[in-house]
Amino acid sequence: MSDARPTPPKDTRTARVTGEEALAMHAAGRPGKLETRLTKPLVTARDLSLAYSPGVAEPCLHIHRSPALAYDYTSKGNFVAVVSNGTAVLGLGNLGALASKPVMEGKVALFKRFADVDGMDLCLDTEDVDEFVNCVRFLGPSFGGINLEDIKAPECFVIEQRLRELMDIPVFHDDQHGTAIVAAAGLINAAHLTGRDLATTRLVINGAGAASIACAELLRAMGMRPENITMCDTKGVLYRGRTEGMNQWKSAHAVETKARTLSQALEGADVFFGLSVKGALTQDMIRAMADKPIIFAMANPDPEITPEEAKQARPDCIIATGRSDYPNQVNNVLGFPFIFRGALDVRASTINDAMKVAAAQALAELAREAVPEEVARSGAGKRLVFGPEYIIPNAFDPRLISRVPVAVAEAAVRSGVARKPLVDPARYARELTNRLDVAANALEAIHEQVRANPRRVVFAEGEEEAVIRAAIAFVNAGYGTPILVGREERIHATVAGIGVRLPEGIEVHNARLSSSNSRYADWLYEKRQRDGFLYRDIQRLVNNDRNVFAACMVGMGDADALITGETRSYSVALEGVRMALDAEGVLFGMTMMIARRSGTVLVADTAIHERPDATTLAAIATRSAGVARRLGLTPRVAFLSFSTFGDPKGSIPGSIRDAVKLLDAEGVDFEYDGEMGADVALDANLRASLYPFCRLTGPANVLVMPGLHAAHILTKAVPHLTSATTIGPVLMGLSHPAQIVPTGSGVNQLLDMAALAAYQAISR
Ligand SMILES: NC(=O)C1=CN([C@@H]2O[C@H](COP(=O)(O)OP(=O)(O)OC[C@H]3O[C@@H](n4cnc5c(N)ncnc54)[C@H](OP(=O)(O)O)[C@@H]3O)[C@@H](O)[C@H]2O)C=CC1
Ligand SMILES: CC(=O)C(=O)O
Ligand SMILES: [Mg+2]
């Protein structure tokens with residue numbers, strides 16, 4: 001008998017977060033994930049008179065006379081309530097209304113992020129069906145739709161049915177129908193890949209609650225035979241004649257079978273759907289399933305079986321989970337944002353079966369299409385090819401926003417529940433695409449690429465708490481190996497002080513004691529001996545200046561990229577880095593501004609050139625346009641100035657005009673123009689009316705700054721004055737990737753910049 005232990009299952013997750021990180025994220029800044037944003041100015045007394053008394057009386061009276069005008073004068077048409085009583089919070093059970101709030105805020109955030117639907121979480125502190133229904137039924141005037149969430153079965157069935165009868169807006173229990181739609185889409189594709197026909201496929205569902213019953217019903221409607229669907233709950237199989245723990249919804253799915261346990265039901269089964277709890281499925285159970293079994297372990301936050309365990313027991317399986325950190329995320333996030341988007345846009349009175357089936361088919365078809373470049377990049381070109389590891393689109397797929405809502409809206413029109421026509425579906429699809437910020441999506445794609453191609457990144461200020469936390473997050477996210485530069489005892493003391501554990505995979509290098517020092521000093525001396533440095537100067541720098549040491553590591557190939565700046569001023573950090581790393585072409589900084597209203601805008605140079613000359617401006621424009629393209633944007637470059645096309649006059653516009661002429665002479669393949677003010681650059685209407693000759697065909701998405709003065713003022717003011725997120729400056733143009741964060745940056749900023757540095761190392 002072999003005494004070899006079974007090989008531990010390989011961890012196939014793509015990114016991990018710790019509980020501590022999740023808590024820190026929720027507590028940071030304004031607690032929670034939501035705030036209210038005004039869509040109209042409320043600054044002057046006139047604004048107040050228009051928005052409030054007396055002006056507000058006008059829309060009130062108009063709506064009173066003609067209720068449909070509420071869609072024109074209020075937020076109703078784009079506003080969804082996410083309502084829960086917390087009786088089935090994910091797979092965590094009955095946590096109550098208050099503890100469900102993070103999930104509900106999260107659902108509102110997902111509505112906004114993926115489909116530009118506004119929302120509000122409403123956590124109702126009652127388990128009484130009548131109280132719940134009465135609370136929600138009168139909310140109709142405020143909302144365009146009601147998304148019910150995490151309400152346990154069987155109460156959820158009654159609540160949804162009654163609210164659908166009482167309200168004239170869509171009422172949709174996401175855990176039922178959102179889950180069923182996404183799971184059905186995944187199953188269509190998994191069945192296709194394994195050569196199965198749904199009509200003869202045998203499915204076992206573990207769980208007989210909200211999500212399970214809805215899945216069974218939708219799959220029956222799509223052609224699965226009722227007798228081929230066996231459902232189990234905490235008491236085992238739902239067989240005909242069972243009385244314990246039953247209700248009318250379960251009874252409708254009880255089948256004639258000898259199986260009494262999940263294990264027995266799974267013998268020879270083709271498909272397993274887990275909508276129950278963590279760990280409910282064992283390796284032995286899936287060993288008894290048919291060839292190429294399909295396993296959707298959808299319990300959240302932890303699946304019924306992990307993909308590692310499933311693959312170990314059944315290498316031939318297709319496995320999906322509800323989590324975003326494994327391939328094949330079968331989660332209703334792929335459904336509810338887009339389904340409501342389509343329903344709201346045609347003012348559907350309900351979300352009916354035709355709309356659900358249309359959504360499932362649109363999702364399934366999308367995964368089978370050739371994956372465009374920007375989507376493939378998010379899987380590093382590996383996973384995102386239709387197959388066992390990619391049966392369902394990724395939540396960040398930018399095509400979702402234009403495909404699923406159109407399918408849903410068309411189905412609403414065809415089935416007669418739309419109250420607004422869909423005149424031009426192709427145009428509607430284009431409008432939908434504009435709702436999404438492609439560059440923000442591309443950032444996620446960048447992080448995915450780093451996960452697929454992990455890199456060694458030096459964290460030069462390795463003794464700092466924020467840096468250590470960022471390094472831990474870096475390793476947990478699967479971005480690669482962080483190398484902390486610092487004294488071991490100091491690093492371990494800081495780690496102990498903050499009460500965390502240094503995970504495996506983090507290296508510590510003490511610059512003073514490193515065995516590489518003489519190698520680095522020789523190499524650096526070779527580079528700098530004619531720049532006024534004696535060998536002993538270089539030795540001292542390598543030993544004492546962590547930025548020089550870290551840059552040598554990268555320059556000599558001992559690491560792929562470096563991150564610094566947390567404790568030293570930008571110029572000091574840059575000086576250390578530049579000792580060892582040369583510029584290749586123009587060196588400059590680029591800041592990404594991710595703004596809700598105008599989408600993502602790239603701003604350059606935000607780090608290096610105080611007064612760039614024409615050649616530098618032209619070079620910055622060309623490199624920035626290339627970055628914009630890689631982020632999925634069609635570059636429109638505006639050279640900014642205080643002056644717009646000669647008004648007022650001054651000296652700076654001269655170099656900008658020369659830069660434009662240089663680009664003209666080069667015949668570059670992107671749009672550019674200048675000089676112009678920021679308002680003219682960003683407002684296409686203003687440009688069209690005053691400067692119709694301007695060559696930009698839309699709002700500028702690359703702003704080339706006339707000097708560091710303006711660049712710093714803009715990028716440092718924006719995060720304080722607006723809700724835009726800024727990332728950067730990202731250093732471009734060094735021979736090897738090195739990033740410098742602004743002094744005192746937080747963990748997330750360090751982590752983002754380290755990931756960008758790693759990405760630069762991949763794409764060099
Ligand atoms: N991936 C996704 O998109 C989604 C996943 N889910 C997940 O599905 C699960 C259920 O959610 P939901 O339907 O809303 O909740 P419900 O409370 O409505 O239903 C839970 C069901 O699970 C059953 N159950 C609990 N423990 C076990 C067990 N050990 N073995 C068998 N059955 C068990 C319960 O059985 P009994 O009836 O006997 O109490 C009940 O039927 C959760 O984990 C949730 O996270 C839900 C929605 C979406
Ligand atoms: C995803 C989800 O809605 C759930 O697990 O409840
Ligand atoms: Mg849910």
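Keep in mind that glycine also has a Cβ here, set from the backbone N, Cα and C atoms.
Per TrEMBL, the feature domain 'Malic enzyme N-terminal' maps to 31-164. The annotation NADP(+) binding site is assigned in TrEMBL to Val89, Leu90, Gly91, Leu92, Gly93, Asn94, Leu95, Gly96. Per TrEMBL, the feature active site, proton acceptor maps to Lys107. Annotation comment: TrEMBL describes Glu149, Asp150, Asp175, Asn300 as divalent metal cation binding site. The annotation domain 'Malic enzyme NAD-binding' is assigned in TrEMBL to 176-413.
Mapped onto this structure are the features recorded in TrEMBL.
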residue	record	Cβ neighbours (10 Å)
Val89	NADP(+) binding site	24
Leu92	NADP(+) binding site	18
Gly93	NADP(+) binding site	11
Asn94	NADP(+) binding site	14
Leu95	NADP(+) binding site	18
Gly96	NADP(+) binding site	15
Lys107	active site, proton acceptor	24
Glu149	divalent metal cation binding site	31
Asp175	divalent metal cation binding site	25
Asn300	divalent metal cation binding site	18
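Of all the binding-site residues given, namely Leu90, Gly91, Asp150, the one with the smallest number of surrounding CB atoms inside 10 A is Leu90. Among the recorded positions Lys107, Glu149, Asp175, Asn300, not one has a Cα within 10 Å of the Cα of Asn94 (NADP(+) binding site). Contact annotation for binding-site residues (Val89, Gly91, Gly96, Glu149, Asp150, Asp175) versus ligand 3: Glu149, Asp150, Asp175, each with CB under 6 Å from a ligand atom. Checking the binding-site residues Val89, Leu90, Asn94, Asp175, Asn300 against ligand 2 with a 6 Å cutoff on the Cβ atom leaves Leu90, Asp175, Asn300, in sequence order.
For ligand 1, no neighbouring binding-site residues occur among Gly93, Asn94, Leu95, Gly96, by Cβ distance under 6 Å. One way to see the shell of the divalent metal cation site is to take the Cβ centroid of Glu149, Asp150, Asp175, Asn300; the remaining same-chain residues with a Cβ within 8 Å of it are Ser84, Ala88, Val89, Leu90, Val103, Asp174, Ala210, Ala211, Asn332. Listed in chain order, the extra residues whose Cβ falls within 8 Å of the Cβ center of the NADP(+) site residues Val89, Leu90, Gly91, Leu92, Gly93, Asn94, Leu95, Gly96 are Gly86, Thr87, Ala88, Ala99, Ser100, Asp150. Under the three-state DSSP scheme, Leu92 (NADP(+) binding site) falls in the coil class. Note: the CA-CA distance between Asp150 (divalent metal cation binding site) and Gly93 (NADP(+) binding site) rounds to 9 Å.
Looking at the domain 'Malic enzyme N-terminal' (31-164) alone, the prediction's average pLDDT is 96. Checked against Gly96 (NADP(+) binding site) by C-alpha proximity, the recorded positions Lys107, Glu149, Asp175, Asn300 yield Glu149 as the nearest. In this structure, the CA atom of Gly91 (NADP(+) binding site) is 11 Å away from the CA atom of Asp175 (divalent metal cation binding site). Only Glu149, of the binding-site residues Val89, Gly93, Leu95, Glu149, Asp175, Asn300, have a C-alpha within 10 angstroms of the C-alpha of the residue listed as 'active site, proton acceptor'. Secondary structure of the domain 'Malic enzyme N-terminal' (31-164) per DSSP, as helix, strand and coil residue counts: 69 helix, 16 strand, 49 coil. Under the DSSP three-state reduction, Asp175 (divalent metal cation binding site) is assigned to helix. Ranking the binding-site residues Glu149, Asp175, Asn300 by the distance of their Cα atoms from the Cα of Leu92 (NADP(+) binding site) places Asn300 first.
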